[in-house]
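Chemist: Just dropping this structure here.
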Amino acid sequence: MGVLDHVSEMFDCSHGHKIKKRKQLQTVEIKVKMDCEGCERKVRRSVEGMKGVSSVTLEPKAHKVTVVGYVDPNKVVARMSHRTGKKVELWPYVPYDVVAHPYAAGVYDKKAPSGYVRRVDDPGVSQLARASSTEVRYTTAFSDENPAACVVM
């Protein structure tokens, strides 16, 4: 079959055509400020007409929109921003339980909804929040629970 494969490669006409990738089913979470029912309606209608959108869920108190479907997140954000004229961004928060140190300087956000903290992809921020091994040794050396602790007092 080596000869047939070689001949079929020579006369293959599909090299000029791109094969379309099928989009994956995604859940896109978006932050957009919604003050009234009119804003909610405008946000919902801006996304519902998109090709590939299965469902749209609004949480106006948290300023959160969840879009489920076969869509590109960047296209959803661009369309919503263009159609509504509002500032739109991907959901920048993660649940409080996921973060190791939720009150670190780069993570804690006063404007975040309750139960959420800001998502930080920078590994340097998490390193600043954790204590080094020498700091841990110093704090445990003077602990009341440590029987071998310093008893100067």
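Cβ atoms here come from the backbone N, Cα and C positions, even for glycine.
Feature annotation from Swiss-Prot assigns metal cation binding site to Cys36, Cys39. What Swiss-Prot records for 25-89 is domain 'HMA'. What Swiss-Prot records for Cys150 is S-farnesyl cysteine. Summarising the annotation, Swiss-Prot assigns cysteine methyl ester to Cys150.
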Chemist: Among Cys36, Cys39, the binding-site residues in question, whose Cβ has the most other Cβ atoms within 10 Å in this structure?
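Modeler: Comparing the binding-site residues Cys36, Cys39, the most crowded Cβ belongs to Cys39.
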Chemist: Tell me, roughly as an integer, the mean pLDDT over the domain 'HMA' (25-89).
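Modeler: Looking only at the domain 'HMA' (25-89), pLDDT averages out to 92.
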Chemist: Would you identify the secondary structure of Cys36 (metal cation binding site) according to DSSP, in three states?
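Modeler: It is coil.
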Chemist: For a three-state summary based on DSSP, what are the helix, strand and coil counts in the domain 'HMA' (25-89)?
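Modeler: Its residues fall into 24 helix, 22 strand, 19 coil.
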